[in-house]
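K.L.:
According to TrEMBL, the record shows the following:
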- 1-23: signal peptide (SIGNAL)
- 35-117: domain 'GOLD' (DOMAIN)
- 175-197: transmembrane segment (TRANSMEM)
Amino acid sequence: LAAAMLAWFLLLCVQLMFGWIRASELTFELPDNAKQCFYEDITIGTKCTLEFQVVTGGHYDVDCRLEDPDGTVLYKEMKKQYDSFTFTASRNGTFKFCFSNEFSTFTHKTVYFDFQVGDDPPLFPNENRVTALTQMESACVSIHEALKSVIDYQTHFRLREAQGRSRAEDLNTRVAFWSIGEACILLVVSISQVVLLRSFFSDKKTTTTRVGS
């Protein structure tokens, strides 16, 4: 029994690490006035999900566009911070999705996206059978689903942490420059007051003109 449980656990770990579902997950930098496109070959009838989020930069927004092999626009959003879009491929071919920062003139962005192609297959080959799963199989399925949720939560928390850190660093930079500016103004005002006060108490030279008789 112990050997069987160990075998099922190893199978579960392997499937979680090298899962059958095709997915592209990437974080990249998008410069100002730039556009970045990605391509994916998809077969007809496959369910796909595109999820993206702007992590850092400007107002945390970006343009996103998704096209099918014929060039038909399936999804288009302007200046979005984050979004998720699910569709089913209507034909075979290469689908293209692009992120654009062309509306920004001086700020670059850091963008994260996750493009999933296909549904997650059953954990066991005979999971869809008529008879009920064994207690061990049910436990493995529950653990599998729970670990997938944990991975999703960890990804979103990492993105939130990176976004929060970026905002904190930006705020810290602004406060530092503001403090330096205030210090310079205070120094100039102090020097001006000292010079003005000295001018009040300084001896003024007087000239005397003698008129001859």
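Using N, Cα and C of the backbone, Cβ positions are placed for all residues, glycine too.
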K.L.:
Write out how many residues of the domain 'GOLD' (35-117) are helix, how many strand and how many coil, based on DSSP.
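P.N.:
Helix (H, G, I), strand (E, B), coil: 0 helix, 56 strand, 27 coil.
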K.L.:
When the pLDDT values for the domain 'GOLD' (35-117) are averaged, what is the result?
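P.N.:
Over the domain 'GOLD' (35-117), the predicted model scores a mean pLDDT of 90.
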